[in-house]
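The structure appears right after this line, and notes come after that.
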Amino acid sequence: MAPPVRPGMLPLLLLLLLPPLGSVPGVWSFSELFFMKEPQDATVTRKDPVVLDCQAHGEGPIKVTWLKNGAKLSENKRIQVLSNGSLYISEVEGRRGEQSDEGFYQCLAVNKYGAILSQKAHLTLSTISAFEVHPVSTEVHEGGVARFSCKISSTPPAVITWEFNRTALPTTMDRVTALPSGVLQIYDVGPEDAGNYRCVAATIAHKRKSMEASLTIVAANETRSFYMPTIIASPQNVTASLHQTVVLECMATGYPRPIISWSRLDHKSIDVFNTRVLGNGNLIISDVKLQHAGVYVCRATTPGTRNFTVAMATLTVLAPPSFVEWPESLTRPRAGTARFVCQAEGIPSPKMSWLKNGRRIHSNGRIKMYNSKLVINQIIPEDDAIYQCMAENSQGSVLSRARLTVVMSEDRPSAPYNVHAETMSSSAILLAWERPLYNSDKVIAYSVHYMKAEGLNNEEYQVVLGNDTTHYIIDDLEPDSNYTFYIVAYMPLGASQMSDHVTQNTLEDVPLRPPEISLTSRSPTDILVSWLPIPAKYRRGQVVLYRLSFRLSTENAIQVVELPGTVHEYLLEGLKPDSVYLVRITAATRVGLGESSVWTSHRTPKATSVKAPKSPELHLEPLNCTTISVRWLQDTEDPAAIRGYKLFYKEEGQQEHGPIFLDTGDLLYTLSGLDPRRKYHVRLLAYNNMEEGYQADQTVSTPGCVSVRDRMVPPPPPPHHLYAKANTSSSIFLHWRRPAFTTAQVINYTIRCNPVGLQNASLVLYLQTSETHMLVQGLEPNTKYEFAVRLHVDQLSSPWSPVVYHSTLPEAPTGPPVGVKVTLIEDDTALVSWKPPDGPETVVTRYTILYASRKAWIAGEWQVLHREGAITMALLENLVAGNVYIVKISASNEVGEGPFSNSVELAVLPKDASESNQRPKRLDSSNAKVYSGYYHLDQKSMTGIAVGVGIALTCILICVLILIYRSKARKSSASKTAQSGTQPLSQASASVAAGSDMGKNLERATETAESLVPMMPSSFIDAKGGTDLIINSYGPIIKNNTKKKWLFFQDTKKIKVEQTQRRFTQAVCFYQPGTTVLISDEDSPGSPGQTASFPRPFGATALDTEHSANSEGSHETGDSGRFSHESNDEIHLSSVISSTPPTSNPLAGGDSDGDAAPKKHGDPAQPLPAEQTSAPQTSAGLRYAAEGFPV
């Protein structure tokens, strides 16, 4: 049971259990800024006062201002801001001209951290309109159903009641139902219900009455016949806001009176808690929620039959926005990137927008908005602010906030200065700057930022440069465009401020494409050529001239007409009737003429075609990348009759499609299934029964399917599965895959490559390719590189892919091994040694040694040895005396093999050569004519070696003899111990007078055990410190401070006497209260039958040396429990007592845990339990060797 909580501790516990305020999404700490109260929608009458709440909390001072419809609201005598931030309007004014207090209000709270904007509050005046629907007079048979309705619009919604003959109609009767929607239902009508009815609509400030409608009762027949149920008032589709009340009307007639029931079309159950039936079948839903939305079915059924009829209505529930993901506050360094994510839901779907310190953010340059995300690139100190995500729809608005904190580095460099730009061409601008005045020596890189100066939603581009340059040419710019530039300097701890912005304009260029022309004929001898201006992105400057060229299709002579750039049509006159003319146009800027359009053909009408229809006025408009809208108008003054139209179209350079026959009433046609970014030629003509009319020709181009400039498109995902493999010491092969969810056509890829840990940004390598693989060359050998890839699609760039690391192969050794020496160490064996090739970057994995005698060398026969790269020596064996050997070495790795060293010669002299001629000639790798590496061994050296070897062999022989002697002594001791150990020990009860017999036994045991002294240090560790007193299972241990000696250096007889006396002294003192004492079987007072039941101290426990329950000493002292004796004397004793092998104990195999068989507590032969012993039995952990000796 949990302990009770004291009343005084409850607030403290609640405080501890509550999460920190700043950890809840959308809630901030009190030191910053948030709203405790926000303004709410209000409806008031004219001249009434109103208060809109606004209470902000945070670190002061806090200033509150108000906005009305997005503009700052000025205070006056009638409109004041209270001390708590609320807005007070003493008299609300209605519309007077353009002045009105109605509108949307928001409060803006500002402190040192930034500013936040409240949600919108709609202030409306109470109004009411005239009746839109009045009750209508009706006649009803007695016993039938009467229904009246009225409708009126008001703010707030009016309460509608009914009057009968100018008096309030009671609705307490079961057969009378008044619906809130303005419907009156009367069932089972009688003569008393006849009269005049009207509805009354009332609001908080207004009241209106409708026109009267009369109810006439017609006498019913005496006998009423059966008729099918009929729904006379079916439910209507309803759209309601959250928490409103909805009424679905369903009124039916029939005989017998039908029964009305409700269900949902999706077979879901109807909410019984908020739903009830009003009157005789109307469904009313109070406190509407989202789950109430759906299709409701009203069913009218004749009782006792299967005759029924149904009616359905849809209930749509609108909901204000609500957040499902809130933006989180961020801390970012200068020049970093911040991403805020905000998602909201509602019905209809809310529109998302972002605010910075209460002001709306527009996507441009560094700041981009992608759906519900806000991305801020190249963060600057001015970006430190409070950001709000606002979601709004027709039901309201909601805001969430987050703060961006920009971290500033104290020793960051100052901004680059004296930035100036110079136009180089129509697509290139030279940008130059001066290094920062402060901390310029710490600059590691510069970044150049540029974007278009005009328009919105312009993309900002960035180029990273090294710290060794202060100028850069930016190319691939659009001609005749203004660009804005700025520079940022980078250091390891952060970035500088932005430099001053400079703006520069690129030069003009020739037009990128010609105008699209339209050709029509007004008579048989003319052609009207018209064209549209070239779009700005293709114009590339100001068009100053149009050159119009035309010719007959059967002639080569071209006629040219030049027109000013302000003209967009021209009439070619004096042409031949019924002839095909080819027309083209070229536009020119001040730089020169651009590309000419293709020849467009047009046939002039026949000269006799007096009754031919005139050409229609044709207009072409691309609807999307695959569809063109064709519109035309026919001249209303054309006297010729028109039967229809013929439409032809073709792609430039392809065959013509058509004709497509259209009716005379058709003035619109859509061409679909076209290809994007293609030019199409369309011609249209009217025809009648006699002949075809004049045709109209026009060209148009379909746009691309992805328009990046006109709408924001999120960037594509990065490439994935990037794989790197070293190809050579200077190249690495890269392979990757395009994103799985990208359907756009990839333009190219950019590969970023740089060594790991690069400090100089100018050394970053950027490569372009259109393939999904690339061989990166020109790399440094044996260097680790990092690689990343990004793709580019329609002027969009993906993020960089995850980085992949890979090292180039080491370079093949460029030099041979150095310091090659050859030494003859035996008559037929030589030692070759060398050093690795020079150069710190050289990696060697293998050495190749070639050697041969001069005869074999002449024949080209080499003997080959291989050694690993870590070995720098080798033995040359089986050399033949009397020959001169040539040796050379090379180094290699997985890339290749390096050159061989200079040959080194070694002369192997014959055995009968004189001592005076034993020194051979030397030749090293630097001089192939001199013998090298042969070290002469004279007589003195050989004598020293022989003496050393003799001493070593003597020592080895002595050690072998000692080991043989000790081995024999152990075998003898084992046999004696086995004989004496067959008789069990019993508890000691002898007195001091019996010490002589015990002394004999101990002396005999000592003689047996003295050869078992282990030559090992004491393993007892007193981990806790303390005195020198050591206690084990045999009592206190008397420390022997005498110097230890090896057995074969001591006097054996003297040892026996001293040890016998010492054993006797200890044996006399064995008995202690509560202690188990072990004595030999000859002095045991127990009978032979009893001794068999004694547990042997070490016999049973030896079966479990690691986990014995009796090894408590190890827990107390930190010892392992195997040895706890300090001196050789105690080791002797334990050896004597435990010399019996464990298998001699009949109880040893009966307990796997090493414990003795249980005995009665009163048995004198039973050892006391472990918890009653005065000393821990640390000796229980002794292990035995195969011969039975303790280890």
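Note: Cβ is positioned from N, Cα and C throughout, glycine not excepted.
The compositional bias 'Basic and acidic residues' annotation in Swiss-Prot covers 1104-1132. What Swiss-Prot lists as domain 'Fibronectin type-III 1' is 415-509, and the listing cites sequence analysis. The N-linked glycosylation site annotation in Swiss-Prot covers Asn237, Asn624. Taken from Swiss-Prot, the feature signal peptide applies to 1-23. Residues or ranges marked as transmembrane segment in Swiss-Prot: 944-964.
Fewest Cβ neighbours within 10 Å among the glycosylation sites Asn237, Asn624: that distinction goes to Asn237.
Rounded to a whole number, the C-alpha distance linking Asn624 (N-linked glycosylation site) with Asn237 (N-linked glycosylation site) is 35 angstrom. Residue counts for the domain 'Fibronectin type-III 1' (415-509) under DSSP (helix as H, G, I; strand as E, B; rest coil) come to 3 helix, 48 strand, 44 coil. Model confidence over the domain 'Fibronectin type-III 1' (415-509) stands at 86, taken as the mean pLDDT rounded to a whole number.
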